[in-house]
Amino acid sequence: MLALQHASKSFGPVRALSDVSLELYSGEAHALLGENGAGKSTLVKILSGVHRADGGELWVDGQLRVFHSPAEARDAGIAIIYQEPTLFPDLTVAENVLMGRQPLRRGRIDRRAMLTHVGRILQELGVPLDPARPVRGLSIADQQLVEIAKALSFQARVLIMDEPTAALTGQETERLFRVVRTLRARGAAVLLITHRLEEAFAECQRFTIMRDGRWVSSGPAAAYTIDSVVRGMVGRDVRELYPKLPVTPGEVALEVRGLSRRGVFRDVSFVVRRGEIVGLAGLVGAGRSEVARSIFGIDPRDAGEVRVQGRTIPAGNTQAAMRAGIGLVPEDRRQQGLVMDLSIERNATLTVLNRLRRGWLMDRTAETQTASDWTSRLRLKAHRLTDPVSTLSGGNQQKVVLAKWLATGPAVLIVDEPTRGVDVGAKAEVHRTLAELAAGGLAVVMISSDLPEVLGMADRILVMREGALVGELSRQDASEEAVMYLATGQQPAIGSVA
């Protein structure tokens, strides 16, 4: 259906693509895999008409094509669904889907025909959305489905999806992929760009791997393993993804006893010792993030006690939690962990600004030194610390969030989905950082929906189900099957809760 052959693209002296080829077939989902900077975005922009290749050929349905604009690519049946939907929030679903192409009757928009047409598209996709509803207020997941309906209204047969599940829950992700399977069954070709390798293996029939702007390999998904994909993407073995260092746990740093919040979680008890990484696993909605937020004092609790190094922390008091030595790296770093318009330097010191003041004035030298110290330790890749934090990659943004909390000198660090939305190479760096911090005596609580991450990094794994802590697994006894049995209730709890 689509073939890109030996494509190259440069921007000034920078070679973004060099001799890259890609083939998409009707009825197949094809994963495009590579680290940030591998050239995936440039390739997609060539396919979608944003950029023209300097060399190579693009064939669509057996015809040689040269796109001068996104409109030409769209007319050829190629559509792209971005991670952040680009819809008009104050218009309805139907108006967004048919923007600029609304059916007319006697010179005026025929709203009944518009709603009927869009309703039919949504029904074909199995999407229960009201076409008359305004887009404002829809979840990101629903907005992406509106974008897919819009693509189908253009008779798109090639759908490019750029990190579509990065901001979705597990249930939303499954619903999205049900729609993708429907599209494939109708003969569409889907190009999926994702950092989530488990999604690629579950949903895609073919893979293409890129590294440093070059094609590495292509082939059937069945011919690859996680190890071979990672090696192709980063040139390193998969074992380097989880560089866990051996530690001997020390004294208890965090003690949680009988933590409860009505309707959310109940009677949660566990301890974490210095030097340990304790994983908190479970299905979406099990209450893991809510427990973390309650420990840190963001959310209230009805009962229970939190102690840090023997000191009781009052409920609902984040300042007390910070003073006691707790740090929390939140699940959504862009919305909750960073101020995107501020500099890297200021974001890295937000938690310690009071220490960096001289009277009423900020000691800029001390601020710069503090930010520089921690970002250097975390091997941050940035041009200047005065640049906006929004200019960084996802992995480097996560390092800034870590720097912000490490600057407080915590005894306990809670990290919620620490590698969500970052590429494989950045994952390895975040994992190495957590392992080094634990080896230095920090107590780490790691909440993650990425089971290989939990299994690879945790000394112990606590599993939650429906707001309750249902079991504990040692590193030696843990497996994906054992965790999922506990998380789903398919088997009696294994192990004991501390």
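Glycine is no exception: its Cβ is also placed from the backbone N, Cα and C atoms.
Lifted from Swiss-Prot, the feature list:
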- Gly34, Glu35, Asn36, Gly37, Ala38, Gly39, Lys40, Ser41: ATP binding site (BINDING)
- 2-237: domain 'ABC transporter 1' (DOMAIN)
- 247-491: domain 'ABC transporter 2' (DOMAIN)
Check each residue in the chain of Ser41 (ATP binding site) that is at least six apart in sequence and keep those whose C-beta is under 8 Å from its C-beta; list them in sequence order.
Asp162
If I restrict to non-local contacts, at least six residues apart, and a C-beta distance under 8 angstroms, what lies near Gly39 (ATP binding site) in its own chain?
Ala16, Leu17, Val20, Met210, Asp212, Gly213, Arg214
Around the Cβ of Asn36 (ATP binding site), other Cβ atoms within 10 Å, all chains included, total 16
Among Gly34, Gly37, the one of these binding-site residues whose Cβ has the fewest neighbouring Cβ atoms within 10 Å:
Gly37
Cβ-Cβ distance under 8 Å to Glu35 (ATP binding site), same chain, at least six residues away:
Arg211, Met233, Val234, Asp423, Val424, Gly425, Ala426
Restricting to the same chain and to sequence separations of six or more, state which residues have a Cβ under 8 Å from that of Lys40 (ATP binding site).
Leu32, Gly34, Ile193, Met210
Whose Cβ lies within 8 Å of the mean position of the Cβ atoms of Gly34, Glu35, Asn36, Gly37, Ala38, Gly39, Lys40, Ser41, the ATP site, other than those residues?
Met210, Gly213, Asp423
Averaging pLDDT over all residues of the domain 'ABC transporter 1' (2-237) gives 89
Residues satisfying Cβ distance under 8 Å from Ala38 (ATP binding site), sequence separation of at least 6
Met210, Arg211, Asp212, Gly213, Met233
Where Gly39 (ATP binding site) sits in the secondary structure, as DSSP reduces it to three classes:
coil
